[in-house]
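According to TrEMBL, the features are:
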type: ACT_SITE; residues: Glu80; note: active site, proton acceptor
type: ACT_SITE; residues: Lys179; note: active site, proton donor
type: ACT_SITE; residues: Cys213; note: active site, nucleophile
type: DOMAIN; residues: 36-308; note: domain 'CN hydrolase'
type: SIGNAL; residues: 1-22; note: signal peptide
Amino acid sequence: MVPPRPVVHAAVFALAALQALASDTFIAAVYEHAVILPRAAQEAVSPEDALALMNKNMDILEGAIKEAAQQGARIIVTPEDGIYGWVFTREAIYPYLEDIPDPEVNWIPCTDPTRFAPTPVLERLSCMARNNSIYVVANIGDKKSCNSSDPSCPSDGRYQYNTNVVFDSEGKLVARYHKYNLFMSEEEQFNYPKKPEAVTFETPFGKFGIFTCFDILFWEPAVVLVSELQVDTVLFPTAWMNVLPFLSAVEFHSAWAMGMRVNFLASNTHNTIMSMTGSGIYAPDGARAYYYNMKTEDGRLLIAELDSHPRLSPASPPAVNWSSYASSVEKCIQDEHDFSGLIFYDQFTFTELTKPEGSITVCQKDLHCHLSYKMAEKQEDEVYVLGAFDGLHVVEGQYYLQICTLLKCKSTDLSTCGQPVETAQTKFDMFSLSGTFGTNYVFPEVLYSDMQLAPGEFEVLNDGRLISKTKPTKPVVTVTLFGRWYEKDHL
């Protein structure tokens, strides 16, 4: 069907207006929030008490939003669970939920609060965006009634979703995303949608996509948004519990941005008891700003400038053939000095770096990992190993990994290799890590002592080598190529 001519003219005018306002760069903000939690998340409260708690958290978020806008930010991301907390029962979270309409309804809650009432949280978030002329990204809960005509309808007659919402600078609801990959038993209060949602929206400063926390480890919606729908920037509310040596928030999220060649705005909750910290503004060429703090319970606002269309930027990394270099190296053979060790329930094959410099390989199944290195200040009480893992991870989700890693062991006892380590003293003059990956989705990580990233100090060559671009300035905790072979998740 051909739309009426006025509609065509309106669409053309809107597109032209958007292009006229387009900018090459924009200022982004994320806020790591120390959430005010309910006293007893396992017990149901009145709607009034639920709203009172949510308003306390939104008071803090509003202050961050105002400050971000004053500093020129066009968009701000706030964390998953940032308005009411976590670890609810299904019944206990219900008073905190609102019925969030599809953005196609063309609604500004701030100026039309009664249209889908009661929605006091949506109204307040909309007004924060409108009053400060900034896009606001927040995470709340959605509820949708159902009945016996729907065979999947829960017994209590409703679906409950972990939901991200986005309001534009006029306060209009422009995006709604229901989290698809729920984090096991920690999110039993929520349902997942029947199909994964690939949510995008256009702005004068690029095309945006959005997903939540655990979604990042799976094909849908995370890879679909970037590889198929070609978003420029991903919005990522999260409640991320840090897991070393590979899955600390700042380490993995910055690597994901580099591996996917996309901007990534990660907003984490802050709770040191739960090991939750680590937010950042990441570009394909490295971190622009990040925050990690396990010492205090302070939130933090981060602000940085990004390219609106990073794929078009001269700084955008080149396409990579991840197995090219390692495939040209002589294949490794299992050595009698190789040994096994566990990292987050996965059994790695390790070989020790026994010399201050050299080239070594280690293999597991079809994955051959190659490392060339030179240590600058080898400490006698520190041990480093090269490790390989090629297999299906089956704890807290099922996903296929291929990992090559240079890492520091917790002590000189080789049985501690793979255990969490945050500090080191050994510096390297250079490193070059590669592997015979069977996947094109590989995320390069470099983590220095005291949970510091290394922006500008390493690069990935188009033959798949992760190399030190300059002499590393700080002691190394881990250098890792973290591969996800999505096609093998369910074989």
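Keep in mind that glycine also has a Cβ here, set from the backbone N, Cα and C atoms.
What TrEMBL says about a protein is an automatic prediction, not a curated fact.
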Cβ neighbour count within 10 Å of Glu80 (active site, proton acceptor): 27
Under 8 Å by Cβ from Cys213 (active site, nucleophile), same chain, sequence gap 6 or more: Glu80, Lys179, Phe183, Phe236, Pro237, Thr238, Ala239, Trp240
Number of other Cβ atoms within 10 Å of the Cβ of Lys179 (active site, proton donor) across all protein chains: 27
Taken over the domain 'CN hydrolase' (36-308), the model's mean pLDDT: 96
